[in-house]
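Enquirer: Take this structure, written in structure tokens, and hold onto it; I'll ask about it next.
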Protein chains: 2
Amino acid sequence: MPLKKSWVVSANDADHPFPLNNLPYGVFSTEGSDPRCGVAIGDMILDVTSAEVEGLITLSDEPLFDLPFWNPLMEEGPAVWAALRNRLTDLLAESSEARGDIEPMLVAQDDAEMHMPFAVSEYTDFYAGRNHAQNVGTMFRGAENALPPNWLHIPIGYNGRASSVVVSGTNIRRPWGQLKAPDQDHPAFLPSRRFDIELEMGAIVGTPSDGPVTVQEADDNIFGYVLLNDWSARDIQAWEYQPLGPFQAKATATSISPWIVTKAALEPFRCDTPAREFELLDHLKDCGPMLYDINLSVTMAPEGKDATTIARTNYNQMYYSAAQQLAHHSTSGCPMNTGDLLGSGTISGPTKPERGSLLELSWGGKEPLTLDSGETRSFIEDGDVLTLTGAAKGKGYTIGFGDCVGSVLPALENPYAR
Amino acid sequence: MPLKKSWVVSANDADHPFPLNNLPYGVFSTEGSDPRCGVAIGDMILDVTSAEVEGLITLSDEPLFDLPFWNPLMEEGPAVWAALRNRLTDLLAESSEARGDIEPMLVAQDDAEMHMPFAVSEYTDFYAGRNHAQNVGTMFRGAENALPPNWLHIPIGYNGRASSVVVSGTNIRRPWGQLKAPDQDHPAFLPSRRFDIELEMGAIVGTPSDGPVTVQEADDNIFGYVLLNDWSARDIQAWEYQPLGPFQAKATATSISPWIVTKAALEPFRCDTPAREFELLDHLKDCGPMLYDINLSVTMAPEGKDATTIARTNYNQMYYSAAQQLAHHSTSGCPMNTGDLLGSGTISGPTKPERGSLLELSWGGKEPLTLDSGETRSFIEDGDVLTLTGAAKGKGYTIGFGDCVGSVLPALENPYAR
């Protein structure tokens with residue numbers, strides 16, 4: 001599929017993240033206005049809430065865009081998702097006759113503040129990247145026992161905290177927590193000293209389910225994808241995670257990119273999961289290419305300094321697709337709802353510069369990174385700005401996600417003073 | 001505090017679970033009517049939604065009871081919680097002059113169907129009963145290593161699945177899942193064979209917070225308590241839970257009792273946590289008696305047969321209070337919201353008949369229970385009805401919770417046929 005041309009000229013650049021082929025969904029506000037639904041096109045945002053009010057988008061008897069999140073559309077299901085995408089494509093295509101009506105509803109992205117694009121119902125985080133699991137397992141248990149026995153049979157996941165999910169641009173406060181240094185007998189309550197990122201993709205459930213779903217049904221139920229940074233306090237995690245898994249180490253914040261890139265926009269980039277070491281059980285078997293070829297990178301910028309790219313990898317490195325994760329999530333009968341967010345797990349490639357966390361990049365702090373500024377890092381320092389980027393490259397066009405950015409603020413002096 | 005007498009005569013029995021001292025909050029419907037808010041008094045339910053419409057309860061300019069859950073009241077905070085309790089006490093007291101107005105708004109509990117009393121925002125389950133942790137740890141790791149090193153320093157918890165929380169009376173379908181028998185090399189996808197209960201109390205967050213809260217603040221933020229049965233598929237859990245904790249094993253269902261017993265009703269039953277083996281860090285220290293003396297029991301009834309009491313214990317057996325759990329939950333900055341539900345963890349006393357799960361009662365299946373019917377049980381069989389009960393005993397009165405009941409249905413023949 002080639003670049004589709006738009007009358008919004010900035011959208012026609014081969015490297016622009018938001019061509020007509022993309023049409024990602026977000027929630028934005030401009031000075032003095034309330035947050036509303038919008039779709040990115042080139043450097044602009046089309047105000048979808050206004051377009052619906054003006055009768056240029058009519059998908060349902062009830063308004064779909066009068067609330068500042070995309071859940072009402074997601075609840076409508078795949079036929080309405082497709083109808084909206086077709087309508088937006090018609091309105092914004094080079095040949096559109098509606099340009100005169102639509103142009104007044106465009107806002108420059110530079111003038112907009114982005115908000116959470118959807119209300120997160122529940123948040124689940126997986127551990128489904130093999131290189132990451134292998135790296136972390138090797139550090140903690142040795143190379144021989146790196147992968148837990150279940151890892152090649154099920155996408156291991158745990159429930160995260162939906163209330164902690166924030167949109168890109170939200171500052172992240174270094175957490176306090178209970179941690180125990182290896183040379184101490186007892187734990188102490190301190191600011192985290194090993195605060196980290198995890199480079200992930202997030203899949204958003206559009207269609208709810210109330211019982212086990214197949215991998216194909218799970219894929220059908222997914223609405224779209226975002227970049228996701230699962231901020232992780234490694235020292236809090238090390239002390240708390242046995243026997244019931246990560247808890248406060250992962251509850252400070254999870255950042256997502258501001259634009260939901262729809263499954264439809266990603267169709268041309270589908271690719272296969274890797275060869276299986278053990279055949280998966282029937283209910284988890286691949287039923288087509290369900291990963292995506294999306295280039296991902298992470299940059300780190302010390303406060304006031306230039307950013308250094310510290311990792312480059314690709315979403316095609318996952319062992320399990322989001323559809324397989326969602327299918328597994330439903331096996332017990334667990335009801336899945338519109339707005340559920342599934343983190344892929346940290347995405348790391350096979351070589352050192354492809355690792356999606358500082359824990360792996362600095363090998364637990366033993367091999368600090370050197371940034372372009374000359375500074376070194378094992379984990380995040382106060383003031384550092386961490387940015388995830390993602391882009392799928394088509395023939396003559398790009399599907400971008402919008403950066404997922406967070407600046408780390410110093411821990412509170414006294415967390416109980418408010 | 002003695003029994004407060006009500007003109008609803010059934011409420012004045014010393015053993016009745018719903019005297020004027022209790023006034024628990026639920027959501028009910030009668031034939032042909034929509035669910036609405038109600039308060040239990042004796043054998044009756046006062047229709048609070050109607051009482052507000054009729055102007056007999058006026059706490060706010062906006063209606064608080066026009067939705068079928070108690071979250072809007074919870075959001076109002078402790079002053080309004082107290083005002084409602086005072087008003088209901090006045091309306092229902094023996095001396096009330098409003099009896100003529102109120103009596104037509106009473107519905108017999110026998111004629112009512114109960115619904116979820118509140119919308120669960122997020123659900124967290126803890127592991128804070130020492131006897132339970134000791135028992136399970138002994139079975140899995142031996143008596144010497146039973147308690148994980150962190151256990152006496154933090155209330156270990158994990159995020160559960162809010163979408164799986166159901167009200168008492170909801171049938172529970174035995175789940176399928178991936179499990180691996182010890183004598184098998186590979187896992188299989190099968191119905192759970194070791195399906196179990198966990199006897200817990202649930203604490204409901206009323207007032208939200210957005211940063212670390214002290215134990216006292218956490219206690220202030222709690223609205224009330226329910227009984228909670230954390231249905232658990234032990235065989236799914238055993239295979240999946242390393243390294244990131246329980247996931248699908250706990251996602252089939254979590255049942256709660258239909259009535260929220262307010263913190264105010266439980267005030268006379270406050271009691272201390274046990275002596276500490278290690279002094280807790282400052283931010284988790286007790287700041288007064290924050291457990292409650294509540295007798296708890298579990299009965300099991302094979303299909304069509306009489307129930308056998310299989311466990312009796314008390315909420316005062318917990319090592320950590322709900323307030324300490326909530327304080328710990330907030331340490332990382334995790335936002336806590338109205339409607340968050342915190343499971344206490346399984347409550348077991350020190351002796352065998354005080355154990356709150358079949359895993360402990362049958363010691364992993366090695367010591368099956370004999371029921372009054374003569375049948376034996378290691379875990380739940382299809383058709384079994386499991387019932388949790390709870391009651392705090394005052395001088396001349398009882399604070400009951402309403403049973404928390406679930407019947408276990410056979411697994412689906414094919415979970416992918418719908």
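From the backbone N, Cα and C atoms, a Cβ is placed for every residue, glycine too.
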Enquirer: Given that TrEMBL assigns A:Lys250, A:Thr254 to the Mg(2+) site, pick the one from A:Asp230, A:Asp272, A:Asp282 that the record assigns to that site as well.
Expert: A:Asp230
Enquirer: Report the candidate from A:Asp125, A:Asp183, A:Asp286, A:Asp293 that shares the Ca(2+) site with A:Glu198, A:Glu200, A:Asp230, as recorded in TrEMBL.
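Expert: Of A:Asp125, A:Asp183, A:Asp286, A:Asp293, A:Asp125 joins A:Glu198, A:Glu200, A:Asp230 in the Ca(2+) site that TrEMBL records.
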Enquirer: Does DSSP put A:Tyr241 (substrate binding site) in a helix, in a strand, or in coil?
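Expert: It is coil.
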Enquirer: Across the listed substrate-binding residues, A:Tyr127, A:Arg141, A:Gln237, A:Tyr241, A:Thr346, what is the farthest Cα to Cα distance, given in whole Å?
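Expert: Of all Cα pairs among the recorded substrate binders, the widest measures 18 Å.
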Enquirer: For the binding-site residues listed here (A:Tyr127, A:Tyr241), which one has the lowest count of neighbouring CB atoms within 10 Å of its own CB?
Expert: A:Tyr241
Enquirer: Of the recorded positions listed here (A:His132, A:Arg141, A:Thr254, A:Thr346), which is spatially closest to A:Glu198 (Ca(2+) binding site) when Cα positions are compared?
Expert: A:Thr346
Enquirer: Neighbourhood of the Ca(2+) site (A:Asp125, A:Glu198, A:Glu200, A:Asp230): other residues with Cβ within 8 Å of the Cβ centroid, in order?
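Expert: What remains near the Cβ centre is A:Leu199, A:Leu228, A:Asn229, A:Ser232, A:Lys250, A:Thr254, A:Gly343, A:Ser344, A:Gly345, A:Thr346.
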Enquirer: Using DSSP, break the domain 'Fumarylacetoacetase N-terminal' (A:21-117) down into helix, strand and coil residues and give each count.
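Expert: Secondary-structure composition of the domain 'Fumarylacetoacetase N-terminal' (A:21-117): 37 helix, 22 strand, 38 coil.
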Enquirer: Relative to the Cα of A:Thr254 (Mg(2+) binding site), which of the recorded positions A:Tyr127, A:His132, A:Asp230, A:Tyr241, A:Thr346 have a Cα no more than 10 Å away?
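Expert: So the list reads A:Asp230.
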Enquirer: State the count of C-beta atoms found within 10 angstroms of the C-beta of A:Gln237 (substrate binding site), not counting that atom itself.
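Expert: Looking across every protein chain shown, the total is 21.
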Enquirer: Express the distance between the Cα positions of A:Lys250 (Mg(2+) binding site) and A:Asp230 (Ca(2+) binding site) as a whole number of Å.
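Expert: About 7 Å separate the Cα atoms of these two residues.
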Enquirer: Among all protein chains shown, how many Cβ atoms are found within 10 Å of the Cβ of A:Glu200 (Ca(2+) binding site), not counting that one?
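Expert: A:Glu200 (Ca(2+) binding site): 31 neighbouring Cβ atoms within 10 Å.
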